[in-house]
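> First the structure, which I've put down as structure tokens, then a few questions once you've had a look.
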């Protein structure tokens, strides 16, 4: 009990063990289900968030499942404390491992098998050839630029331009709260 | 006694706060230098069609122009760019003034999507082509889609894991900075100088758009809808407030006493949490961090332009990289000092860019000759 309490506290402190003995009811479980500790979510919100992450992960997003497991890591470490959240986090972990295993096996088969396994289709599926043919990178012969109008440049200016400008607009440094206790 | 305890904790945490902002800036610069060194080994100044043309609208630099022409062209380019940025900032200010915060938030998520998806994808393709990694398009698309989707979520949601949000912000900074290093050389340097000067005006002058934005946000007690890097606040615990730790989720009446001084300082606060910033979590956070000096927030544009400077220095030689890195860190330290002195939003670009540009040209013109001669004569390596 004390061990889990001292792990769950963000800054373990020899005094907390004494307090844990006194407040054993309150301190029998870690307080914060997220990895950020007191800076993260409360338990009710954590349930909503983990459920939403779990459901969205089904849209071919194993990385979201992994982030779910990472974010609610204390739930995995102290399984008895957060039963509701635990269900979703464990399912996310299982989903992530399964999906990654499948994806890795496909990618490795593709990379190692090469043309011997796939035949001429390999050349068509490999990404760098595809990028060349579609003219996605500038160094390739772009079939867009063959016409008079440079689609790539227009794309750069209209689609890429404004978001980048929006990202650039904030260029100052500030502090949230400053030396208020002095 | 309590005063001593609090001042002790300020001194304890100020070093860590600075480290927590310097580390991501350094990581961003390091990754940009790495990408520049890895991806630019063959092409020197070939103006490819993916060069950000919005910054070369006025003039496209070619290799054969004279010195004076290049200077004029670069000046024109940077003036156009600064004008466009001013327009964009005023537009954002207008939208914020008319409380279109949802649209702004959506557009921030959209720009994160564009940067991560298209620019990230393009840079990944560069790397795949350079190293001939045999990835097929299905895996590539799935990986890119995952990466982008989680990045957009990290940009949208304010309650994502802090580490994930910070990493995605740094990655966005790296991608945009790399894209900017593809600009022609003179334009880049002139652009940096112009932006540093413009920043001084925009943040310090009363009519500057950035200053108006900050004041509007403070007066309304909202956060500016933007992608801002906030360093994780240092949580300093006094041993006195031990039993408070067990009550941290409950808002007791002690809260009001300790948060009363915070209310006074809210005029100078820039709350990073969204409109429900007065929710219980942030108050308990302020309480836990009894001695915390708050979180330093650095805009993403600063990350980007620091990294552009260092990336452009990397295109010359690594010696300039070291010099510019040290100069930028010194500038950042000076800016933090000024921030602690003046306690209001300050432009982070001018000091660092000035020192960086100065050190770049000094190194390139003076130091390099010295070091090369020393090495040739086996005096110092």
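Just so you know, glycine gets a Cβ as well, placed from its N, Cα and C.
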> From the ranges B:301-321, B:322-342, grab the one TrEMBL calls transmembrane segment.
B:322-342
> Which stretch does TrEMBL mark as transmembrane segment, out of B:50-73, B:74-97?
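It is B:74-97 that TrEMBL describes as transmembrane segment.
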> Would you kindly list the residues that approach the transmembrane segment (B:106-127) from elsewhere in its chain, counting only those six or more residues past its ends and only Cβ-Cβ distances under 8 Å?
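Sequence-remote neighbours of the transmembrane segment (B:106-127) are 35, 38-39, 50, 133, 140, 144, 147-148, 151-152, 154-156, 168, 171-172, 175-176, 178-179, 225-227.
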